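If you check Swiss-Prot, you get these features:
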BINDING   434, 440, 479, 483  [4Fe-4S] cluster binding site
BINDING   483  siroheme binding site
């Protein structure tokens, strides 16, 4: 993250095919509407396969049965993933009841998947149900616009802060930023909601006709919680409060975790501090960061197109000066803040307004009725009686927010009867995985289906070494794109091949340091053997309050990553 070797502001060369597709799409319409009526295939063809991502969907198939279907000369069982736009993760109980019904009646898997980007996904939507899902969302005030592809994705906001008033203010800014950076094209409304075509020319004053060079992620974070993992994101607004009231933000730009195995031109990167801005400049600054990345981001190589690479190429100070010029402001020096953790506080927490918040641990965010644990039914029953709202956290958990004292017992009874309040270890509470197999086309190794039994084994090691009341931030991601945020964990597993992972160590508990690869392409028994030895050493040799990741660095087990653009692969 230095100013060495600043490169050109704009990368010249042959544009990627994605740029052609966006330019020719007529502001994201393509021929999606016509494709919907093609019953010969369960999928979308040509450019539409990628264009539907701008409308919040990915085309997938069930990889567990892919080979079997190929033998039967059948096409893969195509189905869509849909990701809702839900700034800050807040969803009403009426909206919850609607999504519960749709998941149960109209998806292959019948589940609601909470994600670590504070929203929910439906997996397994057949083509005939694609239009109905958008119409269902619209009927309850939701949409899936811009939750995938080259736009500003779902805006995150710290979900369970210590001060409810501060959360309310920060959440409003998350919503404002999300709305301000949305695409202006009417394609979504025309295709999915049957709204009339208006005889005006589409314009995209912020995103431009070819949108952004690559995905773009934004957060609003309230210290001391770093639950949203700001360093995984392109643009981050750190809330600065005086006397409990929000007065402005520190801006950090250029975080991101995605890498490619063996490609040393790719790297995870923590975000760079730009400085402090008063509240009234928030939207202008957000727009300036996005338009600078729009104009300077690399459109000739998608693997080098994210904001983190733009910052490294042009230099942090050059990018920052351009943001100041476009926004018409000068950043003040960053105000002090600190992070103390990023896990959710599971169980009841009292807010300052005498209401209570109940955070429920949802392993891997997968809401389904399991034998003896009817999680989905339990949450539906709570949604029917709860007067407040639900909040999805960036740790894939769910908060029943704003519960009056008089309603606590009733809600707790349902939660306990449904298995939503079963006791779990601190280690399980602080472990996370992406979806991976069977639905993700990029998956190289299991993640969500691997994690529960893997954590059983880790729990046994924690007991063996006398540290079962503590935790290590542990994450599994099925491929190096990094949706499981393993590259900000104390122990990160990155899928390499079926049953094999790269083991990364040396991140820290608060998520401000990238971990380094410790062992490559190893199996679960090999991972457990390494961690058995290292957890044993941590238990015996650590200093007071020292987290596992900090210990591995101090003990010389792993070298810290100091400047990931230059030393991640050393």
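Cβ atoms here come from the backbone N, Cα and C positions, even for glycine.
What you see is a predicted model, and the numbers here were worked out from it, not measured in a lab.
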State the three-class DSSP label for residue 483 ([4Fe-4S] cluster binding site), counting H, G and I as helix, E and B as strand, and everything else as coil.
coil
In the three-state scheme derived from DSSP, which category covers residue 434 ([4Fe-4S] cluster binding site)?
coil
For the [4Fe-4S] cluster site given as 434, 440, 479, 483, which other residues of the same chain have their Cβ within 8 Å of the site's Cβ centre?
435, 436, 442, 443, 447, 477, 478, 481, 482, 484, 495
